[in-house]
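Encoded as structure tokens, the structure appears first; notes follow it.
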């Protein structure tokens, strides 16, 4: 099973859109979109990973 990944190299960003395209993090939390998820990845110092696309 290949690991799912998202390119977060352009993050963090100061503001995210309200666009709803959910991603499920390795913390079993649903993030509303890539921006919200990538900001959380940066804050976690890389310990947070993408579990899968869609809600948890």
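Note: Cβ is positioned from N, Cα and C throughout, glycine not excepted.
Since the structure is predicted, the reported quantities are computational estimates derived from the model, not experimental observations.
What Swiss-Prot says about this one:
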DOMAIN    6-56  domain 'Kazal-like'
DISULFID  8-38  disulfide bond
DISULFID  16-35  disulfide bond
DISULFID  24-56  disulfide bond
CARBOHYD  45  N-linked glycosylation site
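Cα separation, residue 16 (disulfide bond) to residue 38 (disulfide bond), rounded: 10 Å. It is 38 that, of the disulfide-bonded residues 38, 56, has its Cβ surrounded by the most other Cβ atoms within 10 Å.
Helix, strand and coil content of the domain 'Kazal-like' (6-56), in residues and according to DSSP, is 10 helix, 9 strand, 32 coil. Computed over the domain 'Kazal-like' (6-56), the whole-number mean pLDDT of the model equals 96. Separating the Cα atoms of residue 35 (disulfide bond) and residue 45 (N-linked glycosylation site) is a whole-number distance of 16 Å. Taking Cβ-Cβ distances under 8 Å and a sequence separation of 6 or more, the neighbours of residue 8 (disulfide bond) in its chain are 37, 38, 41, 42. Looking at residue 45 (N-linked glycosylation site) and residue 56 (disulfide bond), their Cα atoms lie 22 Å from each other. The Cβ of residue 24 (disulfide bond) lies under 8 Å from the Cβ of 30, 31, 50, 51, 52, 53, 54, 55, 56, each on the same chain and at least six residues away in sequence.
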